[in-house]
Amino acid sequence: MSSELIVLIVLVLFFLMLAIEMPVAFALGFSGAIGVIMLHSFDVASSVLANVPYESTAKFSLVVIPLYILLGAMATQARIPERIYGLINRVVGRFRGGMAIATIGACGGFAAVSGSSVATAATLGKISVRQMIRHGYRPELATGIVAIGATLGILIPPSIILIMYSIMSGESIEALFSAGIIPGILSAIAYIITALVVLRRQSPVPAEDLVRFAGLDEAVAVGAGRADPMLRQQAEGGGTAVLSKTATSGGSRPSGGSTASSSGSIGSVSLFSEWRSVFWLGAILVAVLMGIFTGTTTLTESAGVASVVALVAVVAEHFKGGVRTVVGKVRDALAETAAVTSMIFAIVIGAGIFAYFLVSARVPNNVSRFFADVDLPPILIVILILVMIIPLGMFLESMAVVVIVVPIVYPTIIELGFDGIWFAILLVKLVEVGLLTPPVGMNCFVISGATGIPLERVFKGVAPFLVCEVVIVAVLIIFPDIVLWLPGVVESMGSSTGP
Amino acid sequence: MNIVLAVWEKGIRPLSRVLGIVSAILCAGLALLLTLEVIFRASTGGGIRGMFEISELVLVMIAFLGFGQAESNKVHVRVSLLTDRLGAPFRLRLQGIALLLCAVFLVWMGSELAMRALESVQTGEFRTGLLNFPVWPGRTFAAVGAGLLALVMLVKGIIMIGGHEAQGGRSANSQEVPAGVI
Amino acid sequence: ADGEETFDLTWTSYTTPNGYYGTAMTDWIEIVEEESEGRVHIEPFHMGSLCATNDGLACVKDGRADIAYTSPAFHPAEFPLANVVTVPFVAQDPVAQTAASQALFDDNAAYQEEFQAQGVRPLYYAPVSTSILGTTEEASSYEDLEGLSVRGTARMLKALEIAGANPSAIAVSEIYESLGNGVIDAWSSTGLDSALTEWNLGEVTGYMTDTDSGSFINVMAVIGEDTWNELPEDIQQIMQGASEQVWGGLEGEYLTDIYDQTCQAADEQGVKLSTWSEEESGMWRDAVGDTLVNDWKSEAEASGADVETFYSDYLAKVEAAEAESDYISPVQHCLDQGIGE
Ligand code: NA
Ligand code: NA
């Protein structure tokens with residue numbers, strides 16, 4: 001059997017396994033292992049399974065992963081994201097478009113403490129979508145805004161995807177992290193503009209959606225659907241009244257009630273507590289950035305220190321609730337960190353097994369050779385590579401995309417004379433697209449799960465933002481300095497401490 | 001079926017929960033350890049001996065010991081695009097088959113990891129450093145984690161093929177669980 | 001028919017294709033492919049893309065790869081005797097150290113058995129140039145090590161600790177940022193060439209000195225015993241010939257080329273180069289004494305070998321090889337050209 005045919009069979013097997021709901025990690029691992037049997041032998045496959053899981057996990061450079069997850073989980077337990085959202089909302093939420101700005105702004109803020117897009121989507125999805133729908137955003141748009149805003153989680157440092165890129169390519173994590181900051185801010189602005197344009201052009205929210213997804217009373221919703229000002233009044237003034245309705249309408253979803261209480265609490269938290277959250281966010285940022293810019297810690301250590309700062313924030317914020325509450329919150333954050341870390345490493349392992357299969361089937365080498373032989377201007381080759389990543393991103397989990405793609409194309413990119421840091425940011429933008437497209441679009445899954453809004457509608461709402469992403473990628477390709485300027489500054493700061 | 005359910009409720013779930021708690025405590029331990037390292041270095045100029053090796057081992061323990069609990073809570077990322085469109089009886093059976101396939105894979109992987117761990121013990125595999133740190137504990141935790149997850153998948157799979165939901169802690173679609181982190 | 005059979009082999013390497021070993025690997029493959037007239041094809045995999053750094057040996061043992069670049073230092077339990085080279089202050093000359101390793105494989109039965117037990121055989125050994133101490137302020141004496149926060153690896157960590165330094169096992173890729181951040185003041189256990197051409201460490205440490213602590217690591221290309229035995233004798237000979245061509249003339253083009261690039265980088269990065277005096281390096285050597293040799297001996301004794309006999313054989317081979325070798329350190333090479341003064 002030719003290796004091309006084996007690769008094809010393994011891909012089919014992989015998608016079949018995905019279809020019957022095998023976890024992505026084990027679908028990758030099992031189909032990869034079967035591929036190794038077909039390509040080599042059962043013994044070789046066994047050797048892969050005996051060694052790859054440990055070797056791909058026991059790396060000091062991966063220690064930052066649980067730390068950044070812990071950081072995000074602790075920050076959430078300290079209620080930092082929702083209060084930041086509340087604060088921005090207080091400032092700009094007075095006009096209808098302000099909700100979009102508040103949501104994307106809060107996404108950007110939380111992105112700076114969260115290494116992942118999905119965590120950002122999960123955290124802000126529950127708080128913001130309901131509020132936006134109440135303010136006259138169609139469910140498609142509201143979920144689209146959170147889904148795209150959450151992608152800032154992997155562009156603005158810290159970022160697990162950039163860490164993965166660093167591991168696969170050998171580029172410095174500091175340089176990658178500093179490279180993400182400016183494109184991250186630019187992207188946030190572009191998302192806000194896109195959201196405002198879509199908001200102006202959309203039709204009113206159907207009453208049925210207001211009842212189902214914003215928890216509004218049917219009569220109120222029907223009235224509100226016709227006139228936005230009334231709806232706004234209802235949403236702003238009647239916080240508690242709306243709450244009690246939510247509890248009944250969310251009965252079928254076991255955790256619907258907690259959504260209601262968390263969105264309800266936005267109205268009731270004091271300005272003081274919101275500013276306290278700004279302080280905590282600032283303290284965490286200082287700890288994180290210490291590792292990138294100056295200071296006294298390595299990146300791994302700064303992640304550890306930042307998590308401890310977030311832990312202190314949890315204790316301080318829940319101190320009044322008693323020891324039990326504090327212990328409960330800390331326990332929840334730790335349990336979540338452990339489970340999510342295991343989930344990520346399961347994918348790292350599965351991807352490692354699958355990568356061995358692909359690599360030993362010579363797929364990366366053949367692709368590199370293909371690009372070396374192709375007679376096109378280098379920039380067109382880069383664009384071709386980026387376009388080829390889109391279908392992969394549609395089907396594969398984003399970590400798997402990086403693990404599979406970087407070893408294949410990174411050497412080509414460097415050979416063509418391009419900057420590996422610049423390409424990393426372009427790759428992250430395409431991974432973001434993958435997070436937002438069917439069939440495997442993690443951000444959309446999480447937001448659909450958190451809000452009960454059907455997946456198809458979430459994907460539909462994301463579509464305009466994908467156009468926006470394409471424009472941003474084009475801008476970054478044309479003006480690489482947007483990406484490369486800050487890493488250059490950071491590097492010159494680092495070398496200035498030398499003689 | 002009652003026996004399988006009992007094994008699930010009284011055996012596998014509590015077991016994966018205990019190892020999950022160990023994994024969770026180690027997460028905090030790792031952050032504190034790194035913070036201590038920073039403090040030590042700032043105050044005494046010297047770091048913690050064997051810091052690198054210890055944090056690598058802790059990482060391996062966090063990752064593998066949490067394997068079972070992650071599945072108990074259905075945190076492992078999956079795609080339900082097709083299965084969401086199916087009726088409950090058929091869906092459960094399909095999901096059950098998927099879990100059993102996972103179990104087959106994990107039994108294979110777990111036994112390979114166990115043999116590798118045994119080999120590591122026998123040869124006294126270690127890495128040279130300030131401390132000559134043994135490799136076998138890490139390999140053993142990897143085998144234990146994979147084995148436990150195989151059990152979780154197997155029992156959950158049997159329950160679901162029988163047409164029942166295997167009750168975990170929280171459901172996959174619950175907003176309490178970040179279904180992924182990327 | 002006999003002599004017509006073709007062999008499609010894979011080679012996993014943990015380093016870059018462009019570096020020191022990458023070049024040799026490419027040339028070795030080219031020689032073998034050419035001289036076998038297409039009967040052998042070898043596919044290279046760089047930067048751990050096929051097998052992770054610490055997994056190279058297992059990969060070759062289990063058939064996941066046919067050839068691997070690895071180091072005895074990665075596998076102290078599997079290669080207790082071969083790890084004799086990891087003791088600092090024993091062999092001063094890296095070329096002689098690798099020549100001694102090859103000689104051990106050629107005629108020391110205990111050493112051969114160690115490789116047989118792992119099911120692999122070395123195709124060639126590659127030297128790693130002597131360990132450099134890179135500092136932000138000039139460190140020309142043994143006393144300067146006292147209180148220095150310095151990056152090290154393996155047994156060098158202990159040697160640094162004995163000298164009163166605070167060693168840490170930071171990865172080579174993290175040296176640059178850790179220096180910028182003040183986490184460490186200095187680094188060691190890296191050759192001048194790799195420090196300057198791969199990691200640009202001259203930008204953060206303006207002083208690089210050869211402390212004369214010797215050669216304490218080497219890299220080896222190993223092939224699976226089964227794979228080797230399947231190869232016809234003429235191909236085995238072609239491979240052995242390629243090894244001799246690539247690493248036989250070690251003082252030849254590879255070292256000279258890489259040294260010239262290194263000196264150029266030292267010049268561009270404005271690094272001051274020096275070598276410790278006999279007296280200063282002697283003080284460190286005396287302080288370390290037999291500690292590290294004894295560490296190795298106790299590890300190797302666990303394997304049941306006659307460690308003392310083996311060690312004296314190794315020392316004799318190193319001595320013989322050092323007499324033959326005209327290795328000069330990269331620091332000396334640059335200084336001779338008037339660079340780095
Ligand atoms: Na982030
Ligand atoms: Na996708």
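Quick reminder: no glycine exception, Cβ is built from N, Cα and C everywhere.
Unlike curated entries, TrEMBL annotations are predicted automatically.
Taken from TrEMBL, the feature transmembrane segment applies to A:6-39 (among others).
Residues annotated as domain 'TRAP C4-dicarboxylate transport system permease DctM subunit' in TrEMBL: A:11-481.
Feature annotation from TrEMBL assigns transmembrane segment to A:60-80 (among others).
Only residues 6 or more beyond the boundaries of the transmembrane segment (A:100-124), in the same chain, are considered here, and those with a CB under 8 A from a CB of the stretch are 64-65, 68-69, 71-73, 75-76, 80-82, 84-85, 88-89, 91-93, 132, 137, 145-161, 163, 184-185, 188, 191-192, 195-196, 199, 281, 284-285, 288, 306, 310, 340, 398, 432, 435, 442-443, 446-447, 450. If you look up TrEMBL, you'll see A:100-124 (among others) marked as transmembrane segment.
Residues annotated as transmembrane segment in TrEMBL: A:145-168 (among others).
Positions annotated as transmembrane segment by TrEMBL: A:180-199 (among others).
Positions annotated as region 'Disordered' by TrEMBL: A:242-264.
The annotation compositional bias 'Low complexity' is assigned in TrEMBL to A:249-264.
TrEMBL lists A:278-296 (among others) with the feature transmembrane segment.
Annotated transmembrane segment per TrEMBL: A:302-319 (among others), in sequence order. Long-range neighbours of the transmembrane segment (A:302-319) within the same chain, counting only residues 6 or more positions beyond its ends whose Cβ lies under 8 Å from a Cβ of the stretch, are 64, 67-68, 70-71, 74-75, 77-80, 113, 158, 273, 276, 280, 283-284, 287-292, 295, 325-326, 329-330, 333.
The annotation transmembrane segment is assigned in TrEMBL to A:339-359 (among others). Through the fold, the transmembrane segment (A:339-359) approaches residues 7, 10, 14, 23-29, 31-33, 35-36, 39, 48-49, 52-53, 55-57, 62, 65-66, 69, 73, 119, 160, 365, 397, 399-400, 403-404, 407 of its own chain, all at least 6 residues removed from its boundaries and within a Cβ separation under 8 Å.
If you look up TrEMBL, you'll see A:379-409 (among others) marked as transmembrane segment.
Summarising the annotation, TrEMBL assigns transmembrane segment to A:462-486 (among others).
Ranking A:60-80, A:145-168, A:379-409 by CB pairs under 8 A with the transmembrane segment (A:462-486) puts A:145-168 at the top. Within its own chain, the transmembrane segment (A:180-199) is flanked in space by residues 96-97, 100-101, 104-105, 107-108, 111, 137, 141, 144-145, 148-149, 151-152, 155-157, 159, 162, 425, 428-429, 464-465, 467-469, 471-472, 475-476, 482-483, 485-486, which lie at least six positions past its ends and keep a Cβ under 8 Å from the stretch. Mean pLDDT of the predicted structure over the domain 'TRAP C4-dicarboxylate transport system permease DctM subunit' (A:11-481): 82. Tertiary neighbourhood of the transmembrane segment (A:145-168): same-chain residues 59, 61-62, 64-65, 68, 71, 100, 103-104, 106-108, 110-121, 124-125, 128-129, 132, 137, 176-178, 180-181, 183-185, 187-188, 191, 194-195, 288, 292, 303, 344, 398-399, 402-403, 406-407, 410, 424-425, 427-429, 431-432, 435-436, 443-444, 447, 458, 461-462, 465, 468-469, selected by CB-CB distance under 8 Å and a gap of 6+ residues from either end.
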